[in-house]
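The block underneath contains the structure these notes are about, expressed in structure tokens.
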Amino acid sequence: MKTLLLTLVVVTIVCLDLGYTRKCLNTPLPLIYKTCPIGQDKCIKMTIKKLPSKYDVIRGCTDICPKSSADVVVVCCDTNKCNK
């Protein structure tokens, strides 16, 4: 009986943990990812036009997806490491 209870507790903890964790890439190059904080359940990639041929890329976690503009292209997604 104790083994069954322990198993149920472990399964519950694992399931609860998976319920709110999102992993998003968070560097300009798509190599390193981080676990998003609670409440930020979307990944974001923002490409910012600096000069005619120069762009900055920002990746990370977000709770809302801002709109794109003429100089900023925003892509949001809701699966792990989807902001490549």
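Cβ coordinates are placed from backbone N, Cα and C, and glycine is handled just like the others.
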Notebook entry, point to check: C65 has a disulfide partner in Swiss-Prot; which of C61, C76 is it?
Noted result: C76
Next item on the list: Write out the long-range same-chain contacts of C76 (disulfide bond), meaning residues 6 or more apart in sequence whose Cβ is under 8 Å from its Cβ.
Entry: K42, C43, I44, K45, T62, C65, N83
Notebook entry, point to check: Between C77 (disulfide bond) and C61 (disulfide bond), what is the CA-CA distance rounded to a whole number of Å?
Noted result: 10
Notebook entry, point to check: Taking just the CA atoms, what is the gap between C24 (disulfide bond) and C61 (disulfide bond) in Å?
Noted result: 6
Check: Within the chain of C36 (disulfide bond), which residues six or more apart in sequence place their C-beta under 8 angstroms from its C-beta?
Finding: T21, R22, K23, C24, C43, C61
Checklist line | Proximal but sequence-remote residues of the same chain as C82 (disulfide bond) (Cβ under 8 Å, at least 6 apart) | finding: C24, C43
